[in-house]
């Protein structure tokens, strides 16, 4: 239905560059992209195909070929301009490509083997480029797994993280020489080891001592495809009810009140619809990665409260493989609710033949800067998966299966689909 699509490209005047005065929607031959039914969708750049595929239930459909093509663009398109992203605590760069697509670049700050230092608070942890890449693969689970039951097929995946790919970037030709950002340009220097370095401007780790240095001028990073511009598709930012205190000494309310979920469930939008189940999905996702930094989340405003949570900004995941942060699972432990589709998926990924770590390793090998995760991180995901399943099992024992596991299957059709 049109109401389930973020954009109705055949009638939306905003998608006509002449009407919207969007000269940037032009290709090298100066031909305009007109997603108004006047041209074939095949002529659109892949970033635009991704944008117009977004709907109420997912960022992209299971069979959207534009996603693989977009991942290829992220690692191969010529970078035409670079600027620092404002806001946030650590350096991030906005990169624009020759086809006018844009992506957020997070540079490599730690090696694969390094863990978050034990004395670091979660809010001062590094943002890791490989965590962004791994989060995308975990979220979509590219190897399609099917459960066959009475001819019904369920494909297991979320598709709530924008496409992310790893890329080796030449700091001289692809950042310094193409930026018009003088503040960024002024922070470039040559190190005593004769490597090109820069540090930019931000509130954490932007100094000569924390400079990003190439070898001699190559640097690894993650590139996350931009979502549609806010002028075209407004997003609503929500405070995560289980947000941490972001304070060295204070605790959040949920950390001291075991009945906190009851209070949340009486507050809109958690008092109706699927939002509380979306939070549980996000909780499992974050626990598997070890991500403690989920202070806010976003949804597309057009869809109101009946839509999915976008899983943005996952750079603080995969920091520790030797520690499982059980506090991330508190929402699940307190609320004792989970989607049936998610529960079945987790049970399947715990089986030896569909082992989560094996599927992740296989999926991540497709990235240009593989290997993405150090082996102990993959093993930690299997361990954490068992912890999640034990938590759900304890909830079922306490409250009963039907009160814990929400049947989100549409059984009115032959193919089982999840009501996300």
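Glycine residues also receive a Cβ, built from the backbone N, Cα and C atoms like all the rest.
Caution: TrEMBL annotation is automatic and unverified by curators.
Annotation comment: TrEMBL describes 293 as active site. Annotation source TrEMBL lists ATP binding site at 90, 106, 127, 224, 225, 226, 227, 298, 313. The Mn(2+) binding site annotation in TrEMBL covers 127, 313. Here TrEMBL flags 188-405 as domain 'FAM20 C-terminal'.
Our reading of the ATP binding annotation (90, 106, 127, 224, 225, 226, 227, 298, 313) yields a largest Cα to Cα distance of 20 angstrom. Taking the Cβ of residue 127 (ATP binding site) as centre and 10 Å as the limit, one finds 25 other Cβ atoms among all the protein chains shown. Within 10 Å of the Cβ of residue 225 (ATP binding site) there are 23 other Cβ atoms, across all protein chains.
Within 10 Å of the residue listed as 'active site', counting CA to CA, the binding-site residues 90, 225, 227, 313 contribute 313. For the residue listed as 'active site', the count of additional Cβ atoms within 10 Å of its Cβ stands at 18 [all protein chains shown].
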